[in-house]
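Each remark here refers to the structure printed beneath this line.
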């Protein structure tokens, strides 16, 4: 066993924590909106993955401390209250090797509960660490703490972590999570020379609480019932807003973020969409991009000028920095795909890709032009896995048959909450999710119970083997990115309309090495058949990753091996989160209506 690597990013203005991960209580008061806040910062160097990181198959323990606090920040030039992690926006990068144990001590100084999800990691044997309040745990209370511990097994690639409580991810609680392996198909030094993270997200000038409460009200947000377009686009935590539109005299126009890459190299760019709403289209002037990874699966993909990426997805591309000399600069363009927005305006976020060498860093802005074949604003929103065949580099064929198949019909509609209030929301199988946040479904099943089908749609698979999940997006004009917790899936087939169980025997499926992902963009009025192996006991969330849709109930669960779940041993620290809480209470709006 390798040595313990402690990487504690401590917020300097907080007093020392004394056994907080054991007591569940913090010695410092939770955030008070009336108290002046520290200023959260963005460190561009964290998005540069160092060649000094040792990629090895010798497992070790990587330990982090996350302090969640309120702070002030103006990542796009407009100052607002944010949720920072260790006074960073976005939060720290977690970097590990396959086989490593990751320990994260989360100290919650906020005025609301929290839970941290490790997006894309399977959590083999550690379902209770998946980080979803009301599904796999009770919330980390204000002034409380909790330690997540899990081993990264049989996975490598690009992942990320984020809050799964309400839509506070949109306030800043997220960060990249990169897993290396000496056995992964893409090798540093052979397939690429340098490694960079490019994380994109929409950014609102209002806090997520304000937006969610408005969306579930009759008035809507900014007079509309539909999720908003961002006020700005952030690239690696920085962007540029329209200061004139804000009406704020203190608004500034910051320089665009920069991504420095050595000249004459092969550079891997790991794109992560942490957006709460839009699909983005990303291009780099003068540079073609070879797609080599999606959602932690190394693939053979096309070389293209522009990628599309929806919330929760990750794509790695390789570019060759041979289009100029040291000091040259090129625009990286991130545009909102307007065809899948209810309403919207043309919005482009810019970053500078700058060639570096042995000399000093230049500062001139690029004068490059966009590719002439980029998508138009009204081009239909189509995922890359639908436009191209992304063939996994590690061959895994699918069986002709499955043990069982379940259907989840996804649709916007009128619903009534547990308090008798009527609202327009989203659901699966005519059920909108309402979250009994202090009685997690994983614990319900462990006690021998079942999921309440009037509160959440669910699919249960009792036995180990290949099983099918059919998602029918019945919203004819609304696309959704669906994310599966606890496993990746093989994309067996997709098409227009809806697929029923009666149709399945006559449906052509992809059996030869299907694309493997954990997040899939589905156009309105379409179906997709996802194949999983039901070998990881747990209650796993399956939901739309548009945070504002999730706020209005677009969540289901997949229950895998309920008999095995009954054998889970609950650590005392996990049980303490639920102590002295009302098990009949309903949770925040991202999971229900209140």
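Using the three backbone atoms N, Cα and C, a Cβ is placed for every residue, glycine included.
For 1-20, the entry in Swiss-Prot reads signal peptide.
Residue 67 (N-linked glycosylation site): 27 other CB atoms within 10 A of its CB, across all protein chains. Summarising the annotation, Swiss-Prot assigns N-linked glycosylation site to 67 (among others) and lists sequence analysis as the type of evidence.
The Cu cation 1 binding site annotation in Swiss-Prot covers 117, 483. Secondary structure at residue 117 (Cu cation 1 binding site), taken from DSSP and collapsed to helix, strand or coil, is strand.
Contacts of residue 162 (Cu cation 2 binding site) defined by a Cβ separation under 8 A and a same-chain sequence distance of 6+ are given as 116, 117, 119, 169, 173, 174, 175, 274, in order along the sequence. Taken from Swiss-Prot, the feature Cu cation 2 binding site covers 119, 162, 545, and the record attributes it to similarity to another entry.
The Cβ of residue 124 (N-linked glycosylation site) lies under 8 Å from the Cβ of 151, 153, 154, 536, each on the same chain and at least six residues away in sequence. In the three-state DSSP scheme, residue 124 (N-linked glycosylation site) falls into the coil class. According to Swiss-Prot, the N-linked glycosylation site annotation covers 124 (among others), on the basis of sequence analysis.
What Swiss-Prot records for 138-578 is disulfide bond. Using a 10 Å Cβ-Cβ cutoff, residue 578 (disulfide bond) registers 17 neighbours.
The feature Cu cation 3 binding site is assigned by Swiss-Prot to 164, 485, 543. In sequence order, 115, 116, 117, 131, 132, 133 are the residues near residue 164 (Cu cation 3 binding site), counting only same-chain partners six or more apart with C-beta under 8 A.
Taking Cβ-Cβ distances under 8 Å and a sequence separation of 6 or more, the neighbours of residue 242 (N-linked glycosylation site) in its chain are 232. Sequence annotations record features per position, and here Swiss-Prot assigns N-linked glycosylation site to 242 (among others) based on sequence analysis.
Following the DSSP three-state reduction, the secondary structure of residue 286 (N-linked glycosylation site) is coil. Swiss-Prot lists 286 (among others) with the feature N-linked glycosylation site, giving sequence analysis as the kind of evidence.
Residues or ranges marked as N-linked glycosylation site in Swiss-Prot: 320 (among others). Cβ neighbour count for residue 320 (N-linked glycosylation site) (all protein chains, 10 Å cutoff from its Cβ): 14.
Taking a C-beta cut-off of under 8 angstroms and a sequence separation of 6 or more, residue 358 (N-linked glycosylation site) has the following same-chain neighbours: 326. Per Swiss-Prot, N-linked glycosylation site is recorded for 358 (among others).
Annotated N-linked glycosylation site per Swiss-Prot: 397 (among others), in sequence order, evidence recorded as sequence analysis. Under 8 Å, Cβ to Cβ, and six or more positions away along its own chain, residue 397 (N-linked glycosylation site) finds 511, 512, 513.
Per Swiss-Prot, the feature N-linked glycosylation site maps to 430 (among others); the stated evidence is sequence analysis. In the three-state DSSP scheme, residue 430 (N-linked glycosylation site) is classed as coil.
Residues or ranges marked as N-linked glycosylation site in Swiss-Prot (evidence: sequence analysis): 452 (among others). Taken residue by residue with DSSP, residue 452 (N-linked glycosylation site) is part of neither helix nor strand, so it is coil. Residue 452 (N-linked glycosylation site): 14 other CB atoms within 10 A of its CB, across all protein chains.
Residues annotated as N-linked glycosylation site in Swiss-Prot: 458 (among others). Residue density at residue 458 (N-linked glycosylation site): 22 other Cβ atoms are found within 10 A of its Cβ, drawing on all protein chains shown.
Annotated Cu cation 4 binding site per Swiss-Prot: 480, 544, 549, in sequence order, evidence recorded as similarity to another entry. In the three-state DSSP assignment, the secondary structure recorded for residue 480 (Cu cation 4 binding site) is strand. In sequence order, 410, 473, 521, 522, 544, 546, 549, 554 make up the list of same-chain residues 6 or more apart from residue 480 (Cu cation 4 binding site) whose Cβ falls under 8 Å from its Cβ.
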Taking only the CA atoms, the spacing between residue 458 (N-linked glycosylation site) and residue 543 (Cu cation 3 binding site), expressed in whole angstrom, is 11
Rounded Cα separation (Å) that holds between residue 320 (N-linked glycosylation site) and residue 483 (Cu cation 1 binding site): 31
Just jot down the residues in the same chain as residue 138 (disulfide bond), at least 6 apart in sequence, with C-beta under 8 A of its C-beta; none if empty. 437, 438, 440, 577, 578, 581
I'd like the Cβ neighbour count for residue 544 (Cu cation 4 binding site), meaning other Cβ atoms within 10 Å of its Cβ, all protein chains included. 26
If you rank the glycosylation sites 286, 430 by how many other Cβ atoms lie within 10 Å of their Cβ, the lowest count goes to 430
